[in-house]
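Q: Dropping a structure here in structure tokens format, bear with me for questions.
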Amino acid sequence: MDQVIDGLYVGSAMAESDKASLKEAHITHILSVARHYLPSHPNDFTYMSVAIDDLPEENIIQYFPECNRFIGSALEGGGRVLVHCMAGQSRSATVAAAFVMQQDSLTAEQALQVLKDTRSQIYPNSGFVDQLHLYYDLNYDVSTDKALYRRFLISHNVEHFKEYGNVGSVVAGSDPSKQTLPAQRVVRCKKCRRPLVTDTNIIDHQAGAGQLAFSYNKRSSNGVDTPHAFPQNRACSSLFVEPMEWMAGIRDGLIENKVNCPKCDAKLGSYNWSGAQCSCGKWITPSFQIHRNRVDETRQR
Ligand SMILES: [Zn+2]
Ligand SMILES: [Zn+2]
């Protein structure tokens, strides 16, 4: 194991089992980031466990707040912490990097470099690196209030759907009719004027052929994750939005359904977790589609 910053160590499963070395380094707390991992010395150290596999599609960012609290309070209390996984390369490195990022307001690259300075074999898988970038873009705040984090979760729903045939649990955008903070732009039902979505719920896309999937990936995010703009292209006859609380069938796990106004029941569009094609030619997965001729897009003052 290696001390990557003052009091914080990264290591392998071997390091976790070596009680003599742990005692010698004055380790007090152990954070295990591995599935089906049983503590070797439950009576000697304070343990926390995060059960995940070392796979790019694992959602590791959801554990950052809890892990940071565990590490932070141990260090504040004068303790020393070992974060370990199996090899001490990917999972443990990701969790340690997230802690260093938040503590010192660093980017993902900067934090990983800090770790590599003392432990050269640090090598998180590509999905975890993306999630460290996302963590930075979320300003170290992993909250479903943030559109960027909801986009990331939706991409996981899509992967879940491809693998298991159901989407798992869905975090839907909150209903603008229940929001107190005024949004800058609001889309309302043309018939009854009920607010349906605001600008942060809208997924913009560039018109044309090709695929657009919800994703969070620094290297391919062009055209995605630009929630602050309405589609500018006249060829697009629909708005594509995130799943919304008020849409019937989302919570019941329906893969596709009509989208009707929750107040007057006017037909607005449809959704499909398998995706759909916009009138401009773009395939969008998943698609939560509202026809623009059924709504009014207004600017709030
Ligand atoms: Zn389009
Ligand atoms: Zn309506």
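Placed from the backbone N, Cα and C atoms, the Cβ positions cover glycine too.
Sharing the feature lines straight out of TrEMBL:
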type: ACT_SITE; residues: Cys85; note: active site, phosphocysteine intermediate
type: DOMAIN; residues: 1-141; note: domain 'Tyrosine-protein phosphatase'
type: DOMAIN; residues: 58-119; note: domain 'Tyrosine specific protein phosphatases'
Q: Using Cβ atoms only, which residues of the same chain lie under 8 Å from Cys85 (active site, phosphocysteine intermediate) while being at least 6 residues apart in sequence?
A: Ser12, Ala13, Ser32, Val33, Ala34, Asp54, Arg91, Ser92
Q: Looking at the domain 'Tyrosine specific protein phosphatases' (58-119) alone, can you tell me the average pLDDT?
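A: Over the domain 'Tyrosine specific protein phosphatases' (58-119), the predicted model scores a mean pLDDT of 98.
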Q: Per DSSP, what is the helix/strand/coil residue tally across the domain 'Tyrosine specific protein phosphatases' (58-119)?
A: 41 helix, 4 strand, 17 coil
